[in-house]
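Participant: The divalent metal cation binding site annotation in TrEMBL covers 109, 113, 130, 294. Annotation comment: TrEMBL describes 130, 131, 132, 133, 134, 162, 177, 181, 266 as substrate binding site. As annotated by TrEMBL, domain 'Gcp-like' applies to 29-300.
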């Protein structure tokens, strides 16, 4: 049996998970939360990760009931992500691997999400919609690569939602996106917003600029409520995502959709995607917040797949890269 420990810390979540042959043994996580109206800065986020990472590591081992000797491989997030938090976690993973005498593996964060989604949902060969604070991509597997069929040409959908949350001072606890989702359920009036799909790609910066400018005027004049704006923003950006996902499915002849990444927890996005899948006779796969929000187990699972196919990262090659594209990785563990 192969046991892999995974370290994730590419953004404001620090997580360490342990996987043994497809079984999640432990997956503790901590989130760096800033006051309403503020984002998280790389240096402050890295400081948070440094303060808690050894506690989370101890928790992961205790929950799994394992000792360092039981671990076969140490995996860490190589990228993409924020530089300072990535470096913090990579340093700890490298140190742990050397102290324990274990091989090291640098994992692509996006592929961690995909492999975790495939493990949990048992989706066979899905078209993947990967949506998070830093990434928005439509992906399908072909010839030993996860190919990107469409993506954002500016900011990620999660970033768009987070920045809107700052404009109307929505709490960051537990996350801005979750709080927007709850407020959107109470919205009843649809406010028309720019809808920007360019072929297979999407753009969110124009929508954000428009709603940032319009929000205060509309709210102060009583034209709509904050709940209406949350509802309208969700409906618009999720419609765009469903459209490009359906186009990729048609191109690939796919009958499965897997939603991964932090925004993938959103039940309204899952509902809208579910309607599209139903109309096509396709099947939707999604996970809950334990596995779609950044976590250590997803890095451990991708690391497990890579390690079993013979991959390791030499110490001198164990750097991080903030821009590490999904399609740069050779997928050696799938046919």
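Glycine too: its Cβ is placed from the backbone N, Cα and C atoms.
Show me how these features fit into the structure around them.
Facilitator: Taking the Cβ of residue 130 (divalent metal cation binding site) as reference, residues of its chain lying under 8 Å away and at least six apart in sequence are, in sequence order, 110, 113, 114, 136, 137, 138, 139, 260, 261, 264, 326.
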Participant: Which residues does residue 266 (substrate binding site) neighbour through Cβ under 8 Å, counting only same-chain ones at least six apart?
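Facilitator: Those within reach of residue 266 (substrate binding site), by Cβ under 8 Å and sequence separation of 6 or more, are 177, 181, 234, 238.
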Participant: Could you give the Cα-Cα distance between residue 132 (substrate binding site) and residue 109 (divalent metal cation binding site), in whole Å?
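Facilitator: Here the two Cα atoms are 11 Å apart.
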Participant: Just counting, how many other CB atoms are there within 10 A of the CB of residue 294 (divalent metal cation binding site)?
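Facilitator: Around residue 294 (divalent metal cation binding site), other Cβ atoms within 10 Å: 27.
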Participant: Tell me the Cα distance separating residue 134 (substrate binding site) from residue 294 (divalent metal cation binding site), rounded to the nearest angstrom.
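Facilitator: Just about 11 Å between their Cα atoms.
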